[in-house]
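Asks: Sharing the record's features from TrEMBL:
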- 25-48: transmembrane segment (TRANSMEM)
- 35-128: domain 'G-protein coupled receptors family 1 profile' (DOMAIN)
- 68-90: transmembrane segment (TRANSMEM)
- 110-127: transmembrane segment (TRANSMEM)
Amino acid sequence: FAGIAYVYLMFNTGPVSKTLTVNRWFLRQGLLDASLTASLTNLLVIAVERHMSIMRMRVHSNLTKKRVTLLILFIWAIAIFMGAVPTLGWNCLCDISACSSLAPIYSRSYLIFWTVSNLMAFFIMVVV
């Protein structure tokens with residue numbers, strides 16, 4: 001999914017960015033945000049699971065296939081929601097002063113929230 005998002009981004013960036021509609025801009029950034037969030041969160045879950053296995057001195061994980069499937073679905077649901085939040089209204093289309101210069105129709109507050117939440121997941125993973 002991350003690869004598909006990056007390929008889509010590759011063909012819809014640079015000079016093409018000026019021609020994108022608002023919906024295509026949200027789709028492009030949403031795909032990218034969702035794929036990055038899901039990738040990082042999946043790595044976080046793997047790190048926590050490995051940490052728990054090592055601390056409890058277990059050779060094999062006690063996660064069942066059902067639990068793993070539910071974890072993956074939960075992670076992707078959160079990631080897709082995080083990528084869709086700007087489309088759902090947390091953007092700066094009505095308040096130009098709140099816009100980011102890097103992502104013109106994204107609110108700076110959303111970008112800070114997204115960045116901090118992903119950095120927290122990354123730091124938890126590093127600590128674990």
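Every residue gets a Cβ built from N, Cα and C, even glycine.
TrEMBL labels come from automatic prediction, so no person has curated them.
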Asks: For the transmembrane segment (68-90), find every same-chain residue at least 6 residues outside the stretch whose CB is under 8 Å from a CB in it, and list them.
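Replies: Those are 26, 29-35, 37-38, 41-42, 45, 105-107, 109-110, 114, 117, in sequence order.
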Asks: May I ask for the residues of the chain that lie six or more residues beyond the transmembrane segment (110-127) and have a Cβ under 8 Å from a Cβ within it?
Replies: 33, 36-37, 40-41, 43-44, 47-48, 82, 85-86, 90-91, 100, 102-103
Asks: Please count the residues of the domain 'G-protein coupled receptors family 1 profile' (35-128) that DSSP assigns to helix (H, G, I), strand (E, B) and coil.
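Replies: Tallied per class, the domain 'G-protein coupled receptors family 1 profile' (35-128) gives 68 helix, 4 strand, 22 coil.
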Asks: Quick one: mean pLDDT on the domain 'G-protein coupled receptors family 1 profile' (35-128)?
Replies: 83
